[in-house]
Amino acid sequence: MAPVLPVVLPLQPRIRLAQGTWLLSWLLALAGGLTLLCSGHLLVQLWHLGTFLAPSCSFPALPQTALAAGAVALGTGLGGAGASRASLDAAQYPPWRGVLTPLLVVGTAAGGGLLTLGLGLALALPVSLHQGLEEGLQAALAHYKDTEVPGHCQAKRLMDELQLRYHCCGRHGYKDWFGVQWVSSRYLDPNDQDVVDRIQSNVEGLYLIDGVPFSCCNPHSPRPCLQSQLSDPYAHPLFDPRQPNLNLWAQGCHEVLVGHLQGLSGTLGSILAVTLLLQVLVLLGLRYLQTALEGLGGVIDGEGETQGYLLPGGLKDILQTAWLQGGLAHKPAPEEAPPDEEPPKEVLAEA
């Protein structure tokens, strides 16, 4: 069987291959560490923002996959650096001969597979982020008033912290608060005629007002924050509804969070692409180094040329050989014929 992608490697190219693989292995370990840091940071961000993501949103699968891929890439880089350095010394290389094959298999199957999957998720999942945040923020606004309802007691605090931290208001703008009841019913006076009229005028029996929570207010505004009667141009003569950003945060939280999380996922995707490229180069270098040294008995400075290759034969030949070897291994051995029995001694004596 002819080897796949054979390369003739004299002494100096073998040494340069080992040195180059050692350098690329350390770069791969560095890229794997950066992948771990970026995916861990994105996981922490999603843990804090999990309340505002719909349960059906699959975006958290990206940092989880990238975390596993970064760990495998880090291990492959460290193992490749040790193996390539040991290959320069005939006394240190023998212990690594049994490690290289499992390292190549794990690096190719697990590392390459996870990195490719993570890169694909980084390109595809940000699309689902829009819908996940849309549903999550809508639910957060609807449960803002439920401070005494089990399971939603922290909804008000989390939404206030979100708007104050990210300088946003509502889902797509401050007017989103006009369509939900964000004032708890325990603060409403049932004897107040205005409260009764507002509740009765709504089909769902909600108390809706044209106001926003205080967390929507911009503390850097040069004037006092106006929270109520925002749709009435005569209620606040100094307030222009066409320019609410003078008092309130102009952007909605959906736009801010999408930009923030997509920026993190874009950075993570770029690191995954670089890590995948380094992973391929390191695995190729280790494979050619392994096959070249096997032809020299594990001595890199052995005399003469040797041949490095990717596979000992074509995929069809490898599968055929494995099939034949497996068939021979399961084929029962031929039964030995029983030895001829010697005639009894009495018969021999009579003869």
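Glycine is no exception: its Cβ is also placed from the backbone N, Cα and C atoms.
If you take every residue in the topological domain 'Cytoplasmic' (1-19) and average the pLDDT, you get 73. As annotated by Swiss-Prot, topological domain 'Cytoplasmic' applies to 1-19 (among others).
Taking Cβ pairs closer than 8 Å, the transmembrane segment (20-44) reaches residues 60, 62-64, 66-67, 69-81, 84-85, 261, 264-265, 267-268, 271-272, 274-275, 278-279, 281-282, 285-286, 289 in its own chain, all 6 or more past its ends. Annotation comment: Swiss-Prot describes 20-44 (among others) as transmembrane segment.
Long-range contacts of the topological domain 'Lumenal' (45-64) within the same chain, counting only residues at least 6 positions beyond its ends with a Cβ under 8 Å from a Cβ of the stretch, are 39, 118, 121-122, 125-126, 128-129, 131-137, 139-140, 154-155, 158, 162, 253, 257, 260-261, 264-265, 268. The topological domain 'Lumenal' annotation in Swiss-Prot covers 45-64 (among others), and the record cites sequence analysis as its basis.
Positions annotated as transmembrane segment by Swiss-Prot, on the basis of sequence analysis: 65-84 (among others). Within its own chain, the transmembrane segment (65-84) has Cβ neighbours under 8 Å at 18-19, 21-22, 24-36, 38-40, 42-43, 96, 99-100, 103, 106-107, 110-111, 114-115, 117-118, 121-122, 268, 272, 275, 278-279, 282-283, 285-286, 289, counting only residues six or more beyond its boundaries.
Marked as topological domain 'Cytoplasmic' by Swiss-Prot on the basis of sequence analysis: 85-102 (among others).
Within the same chain, residues 58-59, 61-62, 65-66, 68-69, 72-73, 75-76, 79-80, 83, 265-266, 268-269, 272-273, 275-276, 279-280, 282-283, 286-287, 290 sit at least 6 positions outside the transmembrane segment (103-125) and bring their C-beta atoms closer than 8 Å to a C-beta of that stretch. The annotation transmembrane segment is assigned in Swiss-Prot to 103-125 (among others).
Feature annotation from Swiss-Prot assigns topological domain 'Lumenal' to 126-263 (among others); the stated evidence is sequence analysis. Taking DSSP states H, G and I as helix and E and B as strand, the topological domain 'Lumenal' (126-263) has 63 helix, 2 strand, 73 coil.
Annotation comment: Swiss-Prot describes 264-286 (among others) as transmembrane segment.
Taken from Swiss-Prot, the feature topological domain 'Cytoplasmic' covers 287-351 (among others).
Summarising the annotation, Swiss-Prot assigns region 'Disordered' to 329-351.
Summarising the annotation, Swiss-Prot assigns compositional bias 'Basic and acidic residues' to 342-351.
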